[in-house]
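J.: Let me begin by handing over the structure; questions about it come next.
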Amino acid sequence: MANALDPHAAVVTEAGGLDQRGTLKTADGQPLSRALARSSRKARRRAFMLVLPLLLFILITFVLPIGQMLQRSVKNDGFSANMPQLSAWFAEHPRGTDPNDAAWAALAADLTASAEARTIGVVGTRINYDMPGTRSLFTSAGRQARRGVEPPYRDAILEMDQKWGDPKLWSVMREASSPYTSNFYLAAVDRTRDDSGNIVQAPEQQRVYLMLFLRTLWLSLVITFTTFLLGFPIAHLLATLPTRKSNLLMILVLLPFWTSLLVRTTAWMVLLQQQGVVNDILVWLGVIGNSGRLQMIFNQTGTIIAMTHILLPFMILPLYSVMRTINPSYVRAARSLGATSWTAFRRIYFPQTLPGLGAGALLVFILAVGYYITPALVGGSSGQLISNMIAMHMTQTLNWSMAAALAAILLGGVLILYWVYDRLVGIDNLKLG
Amino acid sequence: MKKTLILTSALCGLAFGAHAQEVNVVSWGGAYEKSQVEAYNKPFSEQTGTKVNMIAADDPATPLKAQFEAKNVTGDVFDVAMADAIRMCDEGALVEIDPAALPAGADGVAAAEDFVPGSLSDCAVGNIVWGTVIGYDKTKFPDAAPTTVADFFDTAKFPGKRGLPKSPKRTLYLALIADGVAADEVYDMLGTPEGVDRAFKKLDTIKKDVVWWEAGAQPMQLLADGEVSMTTVYNGRLFDAIVAEGKPFDTIWDGQYLEINAFVIPKDAPHPEAAMEYVKVATGTQPLADQAKWISYGPARKSSAPQVGMYNDGKTEMGPFMPTNPDHLKTAVYDDPEFWADHSAELAEQFNSWLAAS
């Protein structure tokens, strides 16, 4: 391995020499491999120090919050932390045990303690997630318990409200006595647990999430396709026009890109509403009657139009940068060899744009899946996406665990699609610019 | 230079804090904050010599919750929706306030009696009552003006699209009222599956004519653009459009949805005594009545109502625009924070499921 003809080896040999076993050494007698490792380690450490701020930034602002959020989707200790005695009773007695005197005493003690500590609202909120209408059961029982509960506890508590005897309530409390639960994920796919804890479909009028997941997926695909249809010719034009003209066109593409999202969304509202500009022009031209104004916004159409426009630059820019690098002589060569213009496009030009198309499609699709503000404003009732439900659980019902479960499923779905894309097209074939 | 400036102002702040009392009030900003500065803060500072720092938030309940969870409370008094006040009281974030400690009304009635129903709770003292009402464009109905909730649902007699908020809370009750349910039976009805079905059946009759709004500014825009001929809207916004902007709109008070805002004091507030003093003074009869000079929200005390006078333009009588005007209360539905704390998640799911099934 140490070849005398190798110039590097020669230098080292002169300086440090070879030992008996033939290992290379540096001038101060250390094995070369160790010295090399040390110096490259130093360089690596320096490089690492350079990226450390970014790593920390990503860790603190991205990984930790998302991790915490995902944890919320399986962990909610609102009940178990504030009702310790009853939780202990559930742990000791298997499912199916009817609540005995000890259970009622534990319930009374926990209710009193929790009401004193003013955490009864947290307990009620946790149970209310799985059994609507029970939050006030806990808060009012807490108020009464603060005035004192006398044994026999069973009768005293049932006197507060007959609902305390409901087996479903006890089943739900048993579920909640462990801080970890899969119920939020079940609810996020329109499933629930019946009185004996089996997983069943949610009542029909409450099923909404699966349908919204599918709709989000479908609309995102439609939007990706329309951005492709509209963006491909524009990108081609940009890439083939003389620089001066294409720069001007580029500004037209970028100008909306730089405009606030809200401004663009509201602009579409002004244009598309029934008393809006487009309808006014159509009526004025006599295409439609005044009573037959088109409903183009506050429905799915509105969501598709506005989101296609907003996401268009994300398709055009990667396509453009790839098309710029395509050598026009290939197509010319194909044509001179007798290909029709369609064949030349299909077999020569289009395949070369695939890396840009893949990048653009992936960008648009992933952005569309998580879009929130545009569907909220122009989507009406039929153009809502799953992100609108996540927002609702974050801000209105304050059920952050549910929001986290929905978000985690969305994230998982996107990752799976990303993986499928990698298998089909290959991530190496992605070109962003 | 800049550093010394910051340093001196910080020192001044410290010195000021040490000598004069102050109190930090977190409220909603905008015209509403102005009304509180004029009606509450000025008399309070005059009486007590305590300086009031107003801090604006989109919804003060959010910073309150954040400050409580971070165990770093900087606000003394927060102006929040009653539902949030009750929720956070149950979660142990707020100081309890005994109604007996509040001053009696100007007419001598004890505070516990003087406040309108629902505006006092364990930890909260109500300040304003505001309504979600129906606003309509007068030019769209030249022959006969709509007057009831039933008219809102009658698109044959009163053509045009309708604006409704995209949430179950301010929508389902309206359908029940239109279907003939009495205002005080709405919650009993909504507590049963049959009642909820009935509400959705009634909403079905106008579903294709509804434009759903989300933000408070949207309904006025929809009405002004002619996109809808009738919409539900917060009464203060409608008042602004009618009086300040002179728009040809009018109000249907039938079946208005009344909600209450309240002052709360967080545990570990930096100035607890000043905070309590502020709440007592600000929710007195006169300050609550004076507030109506600046914004068309109703005072939470009954004794304030007779003292409500003119708008600050000096010519608009406020009485007819007040959600708390006795004429407007006959068919009003009061917000029920307990009911919504129990059912909002379930009804929101049903509502969205209903919306999606088009």
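Cβ coordinates are placed from backbone N, Cα and C, and glycine is handled just like the others.
Below are the features I grabbed from TrEMBL:
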DOMAIN    A:213-421  domain 'ABC transmembrane type-1'
TRANSMEM  A:47-67  transmembrane segment
TRANSMEM  A:217-241  transmembrane segment
TRANSMEM  A:248-271  transmembrane segment
TRANSMEM  A:304-322  transmembrane segment
TRANSMEM  A:356-378  transmembrane segment
TRANSMEM  A:398-421  transmembrane segment
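Neighbours and distances for these, please.
T.: Tertiary neighbourhood of the transmembrane segment (A:217-241): same-chain residues 249-250, 253, 300, 303-304, 307-308, 311-312, 314-316, 319-320, 323-324, 326, 328, 353, 356-357, 360-361, 364-365, 368-369, 383, 385, 413, selected by CB-CB distance under 8 Å and a gap of 6+ residues from either end.
Same-chain neighbours of the transmembrane segment (A:248-271): 234, 237-238, 241, 277-278, 297, 302, 305-306, 309-310, 312-313, 316-317, 320, 373-374, 377-378, counting only residues six or more beyond its ends whose CB sits under 8 Å from a CB of the stretch.
Same-chain residues lying 6+ beyond the ends of the transmembrane segment (A:356-378) with a Cβ under 8 Å from its Cβ atoms: 216-217, 219-221, 223-224, 227-228, 231-232, 235, 261-262, 265-266, 268-269, 272, 297-298, 302-303, 306-307, 310-311, 314-323, 384-385, 387-388, 390-391, 410, 413-414, 417-418, 421, 425, 429-432.
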J.: Please report, as numbers and ranges, the same-chain residues at least 6 past the borders of the transmembrane segment (A:47-67) whose CB is under 8 Å from any CB of it.
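T.: Same-chain contacts beyond the flanks: none.
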